[in-house]
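Accompanying notes for the structure given below.
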């Protein structure tokens, strides 16, 4: 018993002396904080979208004879398109909200030290993300990469755009206007060079990946992270696969043919 107690104390001291300080420094790092705050800001859209998905695809068997379930299924089938429209505008494009929120929060960190406008940071990031994740095709903007598949890209684009603005501002690269110019007009002209730089760096990269790999940048990033995602899914199912509730299957193209567990939908 004393040996176990000594081993526990040794592990506790190791975690307290070495792991906790590292975790504390990581959690207070500005980019990590911006990502955290960005996801928190986008959470209302995710929650509402998740519940709408449950309303559109009730967790009942199509052969059920229970009156309440039967009425819900019939109502969802009749108004499926109308129910999914708010879903498309929330969960369907959640990467846009995440990208804007992360860049805004990171811009707030640099607002005093580098005189960055957080709102302009968010606008630049949205433009850059749409440029590489939803390029115009046959007169329409594809939304396949604006949902969950574009989250990694949204994070990288938000950080890149804000850091590029900070770099240009720190090196006085931009259009200088007299002090008499109103602040909003001055901020708009300050954004000209960052927009140009971001377009000239990200768009050629997107065209290169489309030409050589026949995919967009979000799809390429997801392909890189696919082994990690697959490993996480395998671990999740091996740990609790038998005890998990039945799945809610969303086969509508606007849902991306994704299969979501009922517990995941309600927990989002």
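Even glycines carry a Cβ here, placed using N, Cα and C.
Automated prediction, rather than curation, is the source of TrEMBL annotations.
As written in TrEMBL, here are the features:
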{"type": "DOMAIN", "residues": "15-268", "note": "domain 'PTS EIIC type-3'"}
{"type": "TRANSMEM", "residues": "38-57", "note": "transmembrane segment"}
{"type": "TRANSMEM", "residues": "83-104", "note": "transmembrane segment"}
{"type": "TRANSMEM", "residues": "116-134", "note": "transmembrane segment"}
{"type": "TRANSMEM", "residues": "146-168", "note": "transmembrane segment"}
{"type": "TRANSMEM", "residues": "189-209", "note": "transmembrane segment"}
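It is 83-104 that, among the stretches 38-57, 83-104, 116-134, 189-209, forms the most Cβ pairs under 8 Å with the transmembrane segment (146-168). In the predicted model, residues of the domain 'PTS EIIC type-3' (15-268) average a pLDDT of 82.
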